[in-house]
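Heads up: the structure comes next, in structure tokens.
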Ligand SMILES: Nc1ncnc2c1ncn2[C@@H]1O[C@H](COP(=O)(O)OP(=O)(O)OP(=O)(O)O)[C@@H](O)[C@H]1O
């Protein structure tokens, strides 16, 4: 028999369990044991906790029926053994721990195979990926630095890193084996990142890419793109002869509106991954009546915009995030040798594969070709919710086809045991999913039916009401707040059990926050992209601006009103000064608190700034002025006035902690941005101002669970991906899926793309005939995407799923989807 490197699966009566099981466990070999008693083997808890030992208790008769089964590292000696294993998975063990043969087969698949794991919600995708990595480490000896993992968001990368570290640590704790400490040390060398960071590092490693010098930079080009659009529109108008006359044909739109719309349309092309050639060959079709001028403009400017942007990229030796993967795909033939410069990769894991777009899939295949690496992709087609970013829910099929073209095969696996939601809850969800599957709104067949293992413990696990409210009316607010409070107060332990309110849009999330805050319900908002709008950033900007323009009254006032200073001056106190700059400055510089002039320390800082580096002075100001403590006191005061009957300290503390995290993160970003340059206050202020006005991608660092106390979580479904909550409450079902004010629809037909544009101005719609044609398909695809979104939202629930199915509107919204369920009215 081979010496085990990773695991042993044993079926044996208690007296026949080999004596070396303990030694195996102590060496970090996983033991999956089917037996009638563990007497004599105890204590085993640390091994169980480390996922090293799985015991399935059977009756002696059952054990005897299977005879002695002994499988090492997943190698079957015969087909019979494999069948035995499947039979074992069908037994209900006495201790309730059913063997998950699907997870076992994925974990132990031969290391030289590409694997494709399609898995329903909560079936342990993440868990199995961690175990697979351990298997590869043990069986092949490939080091962590030759493995990489691509996740969809930075949060997911962070979570994956933590999960791996925890798995290694628990194994070290259980076995004392030093190799696990070594893995922890090596873990940072395994690249776990988003596709963009991954491509960025690869390009850095490759040294150079076609047409660009070394050290190519990554830029967003947001501002530059807008400028290019503006130039091209001006140029186009000049070419038409009389600009005033042209403007009058823009259906009453101002020129800045046209620029904004054109910019959005151009972004849409980028999101869908169109290259310059495809943009040049776009088929715009014919204009609707009275839309000819705009049609002429849209159908001619974009190729020129692309040329200008490309030139700018060469001039600045910079590319955009979206270019990264495209550029890597362009490295072909002889240039392929470039890959040898990059660090070697043997395994690539891709999470949330259903949301991968065409270019990224091709990149994965390109890497298989360049390195001979093996892929492990995992995802759930039913959870594909990034169509707006160009993701296609056919990702798995595309990958299989591309690999086949190279003569490579990928093996499919399927996980269907759900560990997240209670059995009762899963059955209620199934009643919805099944119907959506029948109507082809969701790719949900018999094999997608999730089988639960968690008993339902909570009454009211599934609740749906059908009230009828005007959107955002006071009745709706009162009803929703009452349900939220009820959900929160009926938890057994609000520190470990979380209530999450899941919504479709940021606007809905903000509306909910407002209702909750008004009612004194502490909330944790997670809608992403809010970092540059946070108070910590605003205060810091006020600080920098105040130091940069000490003789500008408004800058000085904002700085004094920030958390860096102990006063709060109302604008009205300045009114008697009639806007006289000199008098205003004099007044602001003389303001006193407790007999001390508030401005005095700032004069010292200004002096310091003349000689010391800007960042070190700013750091010192943060230490001296204690903005976090001051923010805490201000928030507490504010909360105490608003809710005098409750203890507001925990909430004020949570807010202050978030402020601190944001401030630390800001310093990190500043260091990253200005690392190789000499920073001036001016450069810092300019950069901050731009970020605050345009950057909606940067997220606030996450507050640790413990610090969130009993906050209700509010988030968009997109943000809830990969997460789970005791209670999920879906408060809004009435908003309609599509009611665009303006849009550009793009669809690929054989080799060329078609473009259809639309703008609603007042009552009047303008656009192209192509838009009308593409809209039917768009409606259908939107409905499917919304169904998948609702699938993700519902499957986040562990114990309770509550839905306020507002029937105010019944068409083209989540209500319509929910009402499809059999016996809807009685549900
Ligand atoms: N074999 C197992 N035994 C017990 N619990 C498990 C097992 N596998 C996974 N779990 C638990 O089930 C829950 C869901 O697992 P995980 O988050 O890995 O699922 P997922 O498939 O990634 O979910 P989703 O795609 O819906 O986000 C987690 O709490 C995890 O600890």
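Just so it is clear, glycine is given a Cβ too, placed from its N, Cα and C backbone atoms.
If you check TrEMBL, you get these features:
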- 119, 120, 121, 122, 123, 124, 125, 126: ATP binding site (BINDING)
- 98-422: domain 'UvrD-like helicase ATP-binding' (DOMAIN)
- 420-722: domain 'UvrD-like helicase C-terminal' (DOMAIN)
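In the vicinity of ligand 1, defined as a Cβ distance under 6 Å, the following of the binding-site residues 120, 123, 124 are placed: 123, 124. Cβ neighbour count for residue 121 (ATP binding site): 25 (other Cβ atoms within 10 Å of its Cβ, all protein chains included). Fewest other C-beta atoms within 10 angstroms, among the binding-site residues 120, 124, are seen around 124. Each residue in the domain 'UvrD-like helicase ATP-binding' (98-422) has a pLDDT score, and their mean in this model is 88. Its own atom aside, the Cβ of residue 125 (ATP binding site) has 23 Cβ atoms within 10 angstroms in the protein chains shown.
For the recorded ATP site, residues 119, 120, 121, 122, 123, 124, 125, 126 set the reference point as the centre of their Cβ atoms, and the other residues of that chain within 8 Å of it by Cβ are 380, 415, 418, 419, 420.
Each of the binding-site residues 123, 126 was scored by the number of other CB atoms within 10 A of its CB, and the lowest score belongs to 126.
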